[in-house]
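As written in Swiss-Prot, here are the features:
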BINDING   11, 12, 19, 90, 91, 92, 100, 125, 126, 127, 128, 129, 130, 131  ATP binding site
BINDING   11, 43, 75, 89  substrate binding site
SITE      19  site 'Transition state stabilizer'
């Protein structure tokens, strides 16, 4: 029986505990999860694509069923190319749903071979976003409960040299 793979795409700028929650829950459903760092979301990025890949790879090193890759272009093309059939998307609030629903419908319009699975974030992460993390860290606020220690160190290096 072939492995059932899913793709969890995002900018991950930076990766948060909310992202890791979705990855871990995805790994309970699928044989493997490809964490796909989007190359075409560079505008206003704090971390380069390479830095994000390195952070994610180190953080996920104890999760062999998760692998980190990068992609550009249409997500559904990438998903088909890597042999996956499901896109995982995390939803924090109802406000996320409308945009994500539109993307899922467009992807479905492009191909019927790829499904989108929406996962509600766990309650502790329902407000969490990479943008909030960057804002709080930039202002020297505490982000210890929002991101792994490696990411906190990387944020400190960016904002405080």
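Placement of Cβ uses the backbone N, Cα and C atoms for every residue, glycine included.
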Cβ atoms near residue 130 (ATP binding site) (within 10 Å, other residues, all chains): 23
Where residue 91 (ATP binding site) falls in three-state DSSP terms: strand
Taking residues 11, 12, 19, 90, 91, 92, 100, 125, 126, 127, 128, 129, 130, 131, which bind ATP in the record, the widest Cα spacing (Å, whole number): 18
Candidate nearest residue 89 (substrate binding site) in space, where candidates are the binding-site residues 11, 19, 128, 130 and distance is Cα-Cα: 19
Candidates 19, 89: member of the binding-site residues with the richest Cβ shell (10 Å): 19
Least surrounded among the binding-site residues, given as 75, 91, 128, when other CB atoms within 10 Å are counted: 91
DSSP state at residue 128 (ATP binding site), helix/strand/coil: coil
Residue pair residue 100 (ATP binding site), residue 75 (substrate binding site) - Cα distance, angstrom, rounded: 13
Candidate with sparsest Cβ neighbourhood (10 Å radius) among 11, 126, the listed binding-site residues: 126
Neighbouring C-beta atoms (10 Å sphere around the C-beta of residue 100 (ATP binding site)): 16
Rounded to the nearest Å - Cα separation of residue 128 (ATP binding site) and residue 75 (substrate binding site): 24
